[in-house]
Amino acid sequence: FLIGIWAAPKSEDNVPLGSPATSDLSDTSCAKTHEALKTSRNIDQHYPAPKKAEDQEFGSAANIIVDPKLFQKRRFQSPRVLFSTQPPPLSRDEQNVDNANSLNRNIRAKREDHPVHNRGEYSVCDSVNVWVANKTTATDIRGNVVTVMVDVNINNNVYKQYFFETKCRNPNPVPTGCRGIDARHWNSYC
């Protein structure tokens, strides 16, 4: 379940790819709400607006200006939705490849990288995490289909909106039932 600045997936949690609930997941899994974003047409001399409405592309950086103070508000910050000029790394390991030395890490840092998996909590499938930037429409937290902005102009820099998605690597992780369910005592389907 993706909750963030402007995002929430349309499908149910832990539904494998290829099922009816996720057939259009790549196009509609993230969103922006119209109330959250304060946009305005730029009428400044440095950024002239297009003459005709037909010439304008909705969401292009040339005609959407966002107040940078909007991103300082805590309710609009999310680890799953990001505005950036370049794609973010997928994990903490990729961020610290150059400057991380495994000998200098403390025990707590190692424990966070390798969580304990024997606590009775199992994922329904092996997951794949990706950052997606090519969204055009999505479903917001309230269930409304909204249009996602292509580019955003913040302080004269063009930013893209990236959404963090988690999907199942294999649509059927186990032959029968759900992974992590005791088949001797429970009937399940995924």
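Quick reminder: no glycine exception, Cβ is built from N, Cα and C everywhere.
As annotated by Swiss-Prot, disulfide bond applies to Cys125-Cys190, with the evidence given as similarity to another entry.
Taking a C-beta cut-off of under 8 Å and a sequence gap of six or more, Asn134 (N-linked glycosylation site) has no contacts in its own chain. Residues annotated as N-linked glycosylation site in Swiss-Prot, with sequence analysis given as evidence: Asn134.
Swiss-Prot lists 1-7 with the feature signal peptide.
Look at Asn134 (N-linked glycosylation site): DSSP puts it in coil. A simple way to gauge crowding: the CB of Cys125 (disulfide bond) has 23 other CB atoms within 10 angstroms, across all the protein chains here.
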